[in-house]
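Chemist: As annotated by Swiss-Prot, FAD binding site applies to Asp112, Thr120, Trp121, Tyr122, Trp123, Asp132, Tyr138. Swiss-Prot lists Gln130, Cys131, Asp132, Thr266, Gly267, Ala268, Thr269, Ala270, Ile271, Gln272, Arg289, Thr290, Lys405, Arg406 with the feature NADP(+) binding site, giving similarity to another entry as the kind of evidence. Look at Swiss-Prot and you will find Arg406 tagged as site 'Transition state stabilizer'.
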Amino acid sequence: MAVEKVQAFEKVSIPTEKQPGSEDLGFDPAELQKKYEAERNLRIQNGGVSQYRSAWKSGFGYYLEDPNADANFSRDPISARYDVVIMGGGFSGLLVAARLVQQGITNFTILDKSADFGGTWYWSRYPGAQCDVDSTIYLPLLEEVGYIPKEKYSFGPEILEHAQRIAKHFGLYPKALFQTEVKTCHWSEEDSLWTVQTDRGDNLRAQFIVSAFGISHMPKLPGISGIENFQGKSFHASRWDYNYTGGDSTGNMTKLADKRVGIIGTGATAIQVVPKLAESAKELYVFQRTPSSVDVRNNRPTDAEWAKTLRPGWQQERIDNFYAITTGENVTEDLIDDGWTEIFRLVAAPFFASADIEQSLENRMEQVQIADFKKMESVRARVDSLVKDPATAASLKPWYNQFCKRPCFHDEYLQAFNHPNVTLVDTRGHGVDAVTTKGVLAQGKEYELDCLIYSTGYEWYTEWEQRTRSQVYGRNGLTITKKWSQGITTYHGWGVHGFPNFMVLSSAQVNNVPNYTHMVGYLSRHLAYIVRTCKDRGIKSVEPTATAESKWVQQVVEQGAARRDQMKLCTPGYLNHEGDITEKTDRLYSYNGSGDSKFQIILDKWRDDGKLVGLSIDCATEADL
């Protein structure tokens, strides 16, 4: 699909001529607008997300091979009956399992294609891997398992270890089937059960199935020619090959000392791994389409004395405080005090504050835009202060609004470009031209390499079958792929009409905040409540009504109108479907109600009411209602 080039801010009134008083701001909003438009239009390509390649559908399945698993693993097929089958063993699946256990439901199994729990953190073992949300709120169930993170932002090994700690604490290892991929899920009208079949020949029957695949598990590759022709070593960052590079998650990749290394991509993963590669490689070439916004991280060890003062409920208090700030509430204290809360105070706060005095949406968005300009000016100034070469610094400056891409925070990335062995290859928004037998062709020049690393991210809401390598068949054989062919439809972000007892955990149509584990943690309690309620009342199946689903989707789309208009103006990336904004992508937005219409308040009241409003209920007998 062709993507239009945008020539003006559609909903935000930014003057097209220099205005009196712009000198006080330190910048001219009109000139910044023009710069943003030019940078966006430079990068727009037709095709949206289809410009990327699916690793497993494009004949590049070897990029998906698990370097941490036993390649010779085998087991006999299993036939069993469960209350719940959980598909995914990352934090989403772990949280659902933990909440089920707390509800007294233990007859469930967890399936995962990896060889252990951890999800994203099982796969993301690249050097420097680290969470970008305060670890005391990102790592779930800290009080339940009795653990305090070592640093403000935990590194990958600690996060993976914590996932395993949760699994041990709740007795989940005996319930797990690892190195097992779901292939099909079929709903049976006869007995109101799901049949789940796997690549190991398993035949599992369950009353409920939970999709906890997560959003960062299927690597994607750039849609460029020649990937298969490269004669050197290549791998995706989520399948890091330490046998080739040497070292470990802390760096020290001694085997790269005589190697010319290239990395394609400058998103969140590259921000963390580039400094480690810069320390180890003989030569490092960073191929950039669009620079990330990189602000101060300020990581530091956890204060042991502070940890001793924590009282019961401390983690939920911190989670709630972060949630309040990032959803526009006025709070008296910022318990997290990091880059995220600063952004929301400076950029998003004007939107919510002006809503209280009944300003028009247009005026509120104008205030937000000015605040955004100010914040991004400081981010660009930071580049100048840290990068010595003026030309390199100019290429590393992000020219777009703060939330066009997920903001990054790091204290070594920009400085890495001061190393004499590091070269930034700025493709001026076009991306690399091709991969050759010897290296990478970019801007008409071939860069010869020994090793090429793809830091190109994961598939983000592509078609279900493509993203999960599985298919779900609901009532009358309807597939979830077909059901969602025109966009995701849910009720409260988890239930799907036509798919009884099918529960989805994702970031779409829920109150998606920067702390993903907070939202899946909240939803996991909600889903466990529904399962428990069905057991207690003798309910065989629950399914959103078509009306309830339709109304919820409409609310999401309507609330996302301002966000949609902003995303049209962004440089392409996964958050705006590579610039291809349609009604289908509108349905990926969060539910952003405020006040009594906040997502969590709505679901809290829904549970308190106890009537399962919006769901069709099929009971074993009328007496069970």
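Keep in mind that glycine also has a Cβ here, set from the backbone N, Cα and C atoms.
I'd like these features described in context: how deep, what's nearby, how far apart.
Modeler: Annotation for Trp123 (FAD binding site): spatial neighbours Ser114, Ser216, His217, Ser238, Arg239, criterion Cβ-Cβ under 8 Å with sequence separation of six or more. In the three-state DSSP assignment, the secondary structure recorded for Trp123 (FAD binding site) is helix.
Listed in sequence order, Gly267, Thr290, Ser292, Ser293, Pro398, Cys570, Thr571, Gly573, Leu575 are the same-chain residues six or more apart from Lys405 (NADP(+) binding site) with CB atoms under 8 A from its CB.
In this structure, Arg406 (site 'Transition state stabilizer') belongs to neither helix nor strand by DSSP; it is coil. Residues near Arg406 (site 'Transition state stabilizer') in space but far in sequence (CB under 8 A, at least 6 apart, same chain), listed by position: Asp132, Gly267, Ala268, Pro514, Leu575.
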Chemist: Work through the binding-site residues one by one (Gln130, Thr269, Arg289) and name whichever has its CA nearest to the CA of Trp121 (FAD binding site).
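Modeler: Comparing Cα positions, the candidate nearest Trp121 (FAD binding site) turns out to be Gln130.
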Chemist: Out of the binding-site residues Asp112, Thr120, Tyr122, Tyr138, give me the one sitting nearest to Ile271 (NADP(+) binding site) by CA distance.
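Modeler: Closest by Cα: Thr120.
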Chemist: Just to confirm: which same-chain residues, 6+ apart in sequence, have a Cβ under 8 Å from the Cβ of Tyr138 (FAD binding site)?
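Modeler: Result: Cys131, Ser154, Ile159, Asn515, Thr517.
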Chemist: Which of these binding-site residues is closest to Tyr122 (FAD binding site) if you go by CA atoms: Gln130, Thr269, Arg289?
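Modeler: Sorting the binding-site residues by distance from Tyr122 (FAD binding site), the top entry is Gln130.
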Chemist: I want to check the contact list for Arg289 (NADP(+) binding site): same chain, sequence separation of six or more, C-beta distance under 8 angstroms. What comes out?
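Modeler: When sequence neighbours closer than 6 are ignored, Arg289 (NADP(+) binding site) has Arg43, Gly265, Thr266, Thr427, Gly429, His430, Gly431 within Cβ distance under 8 Å.
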Chemist: With every protein chain in view, how many other Cβ atoms are within 10 Å of the Cβ of Tyr122 (FAD binding site)?
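Modeler: Looking across every protein chain shown, the total is 26.
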